[in-house]
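For B:1-20, the entry in TrEMBL reads region 'Disordered'. Annotation comment: TrEMBL describes B:9-20 as compositional bias 'Polar residues'. Taken from TrEMBL, the feature domain 'P-type ATPase N-terminal' applies to B:45-109. Sequence annotations record features per position, and here TrEMBL assigns transmembrane segment to B:327-350, B:373-397, B:935-953, B:968-988, B:1017-1035, B:1050-1069, B:1081-1103, B:1123-1143. According to TrEMBL, the ATP binding site annotation covers B:Asp446, B:Lys447, B:Thr448, B:Glu556, B:Phe604, B:Lys627, B:Arg661, B:Thr741, B:Gly742, B:Asp743, B:Arg852, B:Lys858, B:Asn881, B:Asp882. Annotation comment: TrEMBL describes B:Asp446, B:Thr448, B:Asp878, B:Asp882 as Mg(2+) binding site. Residues annotated as active site, 4-aspartylphosphate intermediate in TrEMBL: B:Asp446. Under the heading domain 'P-type ATPase C-terminal', TrEMBL lists B:904-1152.
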Amino acid sequence: MAGSSSAVAGSTAPGRNPNRPKYSKFSQQELPACQPILTPKLVITAFTIIGIIFIPIGIASLSASQDVVEISNRYETECIPEGYRSTKDDKIQFIQNPQSNKNCTRTLTVPKHMKQPIYVYYQLDNFYQNHRRYVKSKSDKQLRSPGSESDTSDCKPENNANGMPIVPCGLIAWSLFNDTYSFTRNNYVSLTVNKTGISWKSDREHKFGKGVYPKNFQSGGLIGGGSLVSSIPLSEQEDLMVWMRTAAMPTFRKLYGKIEFDLQANDVIEVSLKNNYNVYSFNGKKRIVLSTANWIGGKNDFLGVAYITVGGICFFLALCFTALYLKKPSRLQDPSYLTWNTNPGPL
Amino acid sequence: MRGWEKVGSSRSNLGRAGSTVTTNRITSTVRLGRVEPQAPGHRNIFCNDREANFLVRFKGNSISTTKYNVLTFLPKGLFEQFRRVANLYFLTISILSTTPISPVSPITNVVPLSLVLLVSLIKEAFEDWKRFQNDMAINNASIDVLQGQKWVEIPWKKLQVGDIVKVKQDGFFPADLLFLASTNADGVCYIETANLDGETNLKIRKALEKTWDYLTPDKASEFKGEIQCEQPNNSLYTFTGNLIIQKQTIPLTPNQVLLRNFVLSVMLEKRMPRALEYCNGEKGCSLRNTEYIVGAVIFTGHETKVMMNSMNVPSKRSTLERKLDKLILTLFGALFLMCLIGAIGSAIFINRKYFYLGLTADVEDQFNPNNRFMVFILTFLTLITLYSTIIPISLYVSIEMIKFIQSTQFINKDLHMYHAETNTPASARTSNLNEELGQVEYIFSDKTGTLTRNLMEFFKCSIGGEVYGTGLTEIERGAAQRSGGNVGKAQKSPGLIHEKGFNFDDARLMCGAWRNEPNPDTCKEFFRCLAICHTVLPEGEESPEKITYQAASPDEAALVTAAKIFGFFFYRRTPTMVHVRESHVEKMGKVEDMSYEILNVLEFNSTRKRQSVVCRYPNGRIVLYCKGADTVIYERLADVGNELKNITREHLEQFGSAGLRTLCLAYRDLSSSLYESWNEKFIQAKSSLRDREKKVDEVAELIEKELTLIGCTAIEDKLQEGVPSCIETLSRAGIKIWVLTGDKMETAINIAYACSLINNDMKQFIISSETNEIRDAEDRGDQVEVARIIKDSVKKDLKKYLEEAQHYLRTVSGPKLALIIDGKCLMYALDPSLRAMLLNLSLNCTSVVCCRVSPLQKAQVASLVKKGARKITLSIGDGANDVSMIQAAHVGVGISGLEGMQAVMASDFAIAQFRFLSDLLLVHGRWSYHRICKVITYFFYKNLTFTLTQFWFNFQTGFSGQRFYDDWFQSLYNVIFTALPVVILGLFDKDVSAKLSKMYPELYKEGIRNAFFKKRVVGIWAFFSFYQSLVFYYFVSTSSSTSQNSGKMFGLWDVSTMAFTCAVVTVNLRLLLMCNSITKWHYVSVGGSILAWFLFIFVYSGFLIPRDQNNEFFVIYVLMSTIYFYLTLLLVPIAALFGDFVFQGVQRWFFPYDYQIVQEIHRHEPEHSSRMELLEIGPPLTPDEARSYAIAQLPREKSRHTGFAFDSPGYESFFASQAGVYVPQKAWDVARRASMMRSRPKLPPKS
């Protein structure tokens, strides 16, 4: 009976011992392997190599970062008339009043020569663009194609205005930042701000549709922020794109524009701004930032410092270990350190 | 038509049958006279009449052991899967994540869950398919059925109740049959039930006389009986029914029932895929010594008794897995805490001042600042779905896969554990317990068949002060190896005779050469003593080649066999005479038949420890031959010739320390007057009515004195190959070995010596019931009194020994301790009041020997240690009497390759030889433990790290429960990007080679201490997870908060993709860092995983997917276009692994584990050559070859212990049964009885 299964067994291993397992490196667990042992030498070498690689990178990054010139000015309080500054409610009242004069001037001094392009950023604090309710409150479909206008299910409560779908819908677009800046150099030359090319290309070309025009935007009861020119398609509304690439942290900068003009040291830049955006409700801060950029980007010492620190610690440890190694050779390779040799007796 | 009413009634009863049968089945089965079938549950079967039976619709004979069929597979399989808590948890989470509460899309949890389920289901389906194939093979096996007037072969499944079948020799019974006729006379047949009860003797079944004739097809076709019998039930040993034949009702007994084959069913039930192969390999599972039988089918298919006997052995879980449960619980705790923190934070954070969040009056509950409690609750749920990755979903399925491959590919296929002689590879019958093998601290071993081969061999002797026999015992060989002795090649004498019971090689004695020895007369006396002084019965033909000896103990048979080979062939026993064919004293090559009149036999018992025979030579010389333990013989020697005594004593000690069982032989010439006067007293004593035994013993003392010493014999209780060295290795590994045996104390101690479990340097604590006090009490016969006395004495002993043991423990270099306890005392010591003391004492002992224990006691001892001491235990045994012990311990190991299958069936692992235990534990167990620990800790680490990163992020999102990673990242993290390398690690990681594992058994102690899965280890991993998650989050988020060289800024999804990339790279590299050995598969899997991530993200972010949110679109390309990406990718993994690296380096340098030191010691040795060497040695030296070690090299340690042979549990009952007295079988006799039967020739067909 059941000749089939036994025949299989028989045919696979003919001879006396049909049950003898076949030899294979895998089943005998003899696959060729290297044994990476963290010997002191290896540890020291690894640390040294890391040090050698990291410290130069760190120095390069740090110096690059140091070369970046950055001017930053906080203005949210100063741009409120004195009379409204005392309480939060006053500030809110001021900012929400469409009649109040929101113009404001800030003066910046260029500390060092700044090579063009000079990037203009606005920086907000305590603004949770990464809040769950906020992040998802948009409709990529709607932004992309004119046909999906009514695809606003994620956009509540900013999905419909007067029964019509809002384009672009959602809280993100609704709360669009709308302070504006214009710059004058040394009181007489006005600096043009180039506001094209401030968004990522992929956003421009794919995520925001060419045929999609703002509709019913900011027409609801409550105005969240800036409005959009309804005759310009979304694919050209770069401020919106920048704003809608939500920031990771509650403190973030967003690119406002570029000044394609070299600034000299001690130049005085006058910023005329319209202080439209309400950060007073949530005690936010606003800054305007002018910064150059080089191969590493904007000013960011962190990478350089981190590289130097890690590299430095590695070097330091390599030295320590070397000293230890020379002073007190390893316990390894010495059978007398085996636990059963050091403390005899039952287990 | 006949039987209509009955059919009707039985059908109407069918419904009720189920409930009543169970209660009926224990009722007595045999009644005399006409018996009405017990209503209500009975079935009527019309033999040989399919039409009549058709109406009742009995079940068919096809069986199905599959769990599922095509329709039920999905629902049932899924149900099984969701019985696992982890899966159920993820199902809940998945459901939760379809609600708007969830921050993540259902994908996050559904994808990993479905993948895990898919893998599990495929495995289930595969296994079920195998079972299905097995079922098909069995169902389609063919059987001869009577159709018309001839036998027709049909498949088993077509068989129906009432059919008449023919089963041929060595065939299987296809169903439960009513035995009708047999080719044997008397209508008997023999069946083997070794697999059922472990007994290898054949069972006899006898058909009813009425049916004997229905043997040939034409006759059988006339058989028109009607069987009324009980409904199918699971009682194997009972059967109630009647056969109505020719209007006569004859009661049926179990004796007429042949049960469907057991092995097959059990194997199928236990889901052993190779059941059929196995059975074909066996020497036939059922019908033996019978050409064929004819039977009528009574129960078919699932209604057969064995199939109804489906016992569900609860599957064991490993200790590590139970510890893992605790870890998972801890993770749940952590999850709870994280969610709590987040939920509280969220409730505090939420505020209308954040106008951009659009918290209008009708905002949903989760963000409604007016109801912060609701916010708290809902955010809590949100966070549970978000942080669910902290529970490693694929952990269980990964571990299962790893263990499955470990057991099927590594353990089952290990050539080191393949036993060529029995053609048996090791077999892991469960894959649950691999890592448990790496933590065993106590081994409970059976003796017979496990440590020993239950084979007594005449090995050496000392005659007249001269040692004969050149062999070496295992123990000597072990000692020689330890002291570095060299292994020479065997020099066998030409014409070496080796037969069962005889393994002696010395040319000086063989082939009559003893005549040329200095003392041929002593030799002659020696051989005669062997040939005459015994109680052996010869069986079979009276020729030296064909005769077999039936003896109470194998020792005796060995001695008589030895005498036969030396030329004193005992061939016949009559009540008064012993006939010996002696080789002629003077003339070489001639034989003469001598008859010795046996005057008296002074029997062996355990107090006398000797046996004497008074015989009269044909020439009238009266001699008393005596053999016995050296202590009792020496007391009774005549006071002359001290030199011989001293030399022989030395030899005895030499034999004893070699682990041999010794007997002293002596004789005494009696004058006829002396004999006559003694004989009178003897007869008187024999015929006394009171205290007969005592009196006989006293009279025997009178004549058993002034003996002349002839010499001594040394019998090897043949150990299994390599047992002492294996035991030594295991005890060096910190494993304590307890021998639990049904044997007598002396035998057990003897074996313990032979296995080097006990040696003379040890302090022995003996708790025995063989004390005078207890014996006196037993003689008085008051059971209550006896119990009290034994209990008191056990208590006293325990107390005393415990104090002593503690005293020794306090001293620095106290002796090692050994406890020897017998079954009767054990019974009382296991009493709850004394249990603690027993445990305490025995845990302090290096070895423990329990003798005369019942199977139940074996199990009790195992669970005492398992539960009382919470140590991990392993039981190993080969027989049915070990089953309970095997099931009681954490790990059960059965010795396979022998006839009995019961132990193997109950076991978790089956190996062919005890010595393979060292491979199983020290190599496979240790590796498995290491690997599984690593796998678990790694899983713990990678999921914790991943989840903590999310956790940190949430602090900066206003505790909103925003996910940091994309849904797909999160769902594929566990199942794709980090899944394979850890499996590779679990399969291939190898800290030290197999050879080193056995060379340094002490490495095993790390497993016993659970050094790799302690709280501290997990804590360290948790700490570094914490650290790494901080690095991932803060390094990436801080360094990305700046503008890029194009002046543009990163958004949330750029940052998170960066962080995820770092995490995947780091976590995969971390795996390489923890590997002890790196094969190409490591590189492939680690590289592949990282590559898989990049491939995935390239594709995933390359297209706009028709989804509402395309957050990831183009992100990776944007990232990779910046220098920042590369700088971070270099920095973060190194900074993250920096801590681990330093820790590992420092740990290795300053606090190395033992295995790390061993790695270093041997790091320059090429590993493979060593392993290949081992393979080349291949089958170890045969016993004969191995006897070649030079004796001279042996350190001759003196032993106070001289083992003495000649005792055996069956001894008394053997004589009693010879005398026709019934002695109740003791539980511990079962194994021995079975083994005695084994030596008996197959039952010949009675004529």
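From the backbone N, Cα and C atoms, a Cβ is placed for every residue, glycine too.
Here the transmembrane segment (B:935-953) does not touch the transmembrane segment (B:1081-1103). Their Cβ atoms form fewer than 3 pairs under 8 Å, with each pair 6 or more residues apart. Remote same-chain partners of the transmembrane segment (B:373-397), defined as residues 6 or more beyond its termini with a Cβ less than 8 Å from a stretch Cβ, comprise 84, 86-87, 89-90, 93, 96-97, 101-104, 108-109, 112-113, 115-116, 119-120, 324, 328, 331-332, 334-335, 338-340, 342-344, 346-347, 350, 365-367, 935-936, 939-940, 942-944, 946-947, 950-951, 954, 959-961, 963, 970, 973-975, 979. Outside the transmembrane segment (B:968-988), and at least 6 residues removed from its termini, the chain residues within Cβ reach (under 8 Å) are 104, 107-112, 115-116, 389, 392-394, 398-399, 401-402, 405-406, 931-932, 934-935, 938-939, 942-943, 946, 1056-1057, 1060, 1063-1064, 1067-1068, 1071-1072, 1074-1075, 1077, 1079, 1081-1082, 1085-1086, 1088-1090, 1092-1093, 1096, 1100. Among the binding-site residues B:Phe604, B:Arg661, B:Arg852, not one has its Cα within 10 Å of the Cα of B:Asp882 (Mg(2+) binding site).
Residue counts for the domain 'P-type ATPase N-terminal' (B:45-109) under DSSP (helix as H, G, I; strand as E, B; rest coil) come to 29 helix, 2 strand, 34 coil. For the recorded site, B:Arg661 (ATP binding site), the DSSP three-state label reads strand. A straight line from the CA of B:Thr448 (ATP binding site) to the CA of B:Asp878 (Mg(2+) binding site) spans 8 Å. When the Cα atoms are compared, B:Asp878 (Mg(2+) binding site) and B:Asp446 (ATP binding site) turn out to be 8 Å apart. Taking all protein chains in view, 26 other C-beta atoms sit within 10 angstroms of the C-beta of B:Arg852 (ATP binding site). The DSSP secondary structure for B:Asp882 (Mg(2+) binding site) is helix. Considering only the residues assigned to ATP binding, B:Asp446, B:Lys447, B:Thr448, B:Glu556, B:Phe604, B:Lys627, B:Arg661, B:Thr741, B:Gly742, B:Asp743, B:Arg852, B:Lys858, B:Asn881, B:Asp882, the longest pairwise Cα distance works out to 34 Å.
Look at B:Thr448 (ATP binding site): DSSP puts it in a strand. Over all protein chains present, the Cβ of B:Phe604 (ATP binding site) has 24 other Cβ atoms lying within 10 Å.
Considering other CB atoms within 10 Å as the measure, the emptiest surroundings among the binding-site residues B:Thr448, B:Asn881 are those of B:Thr448.
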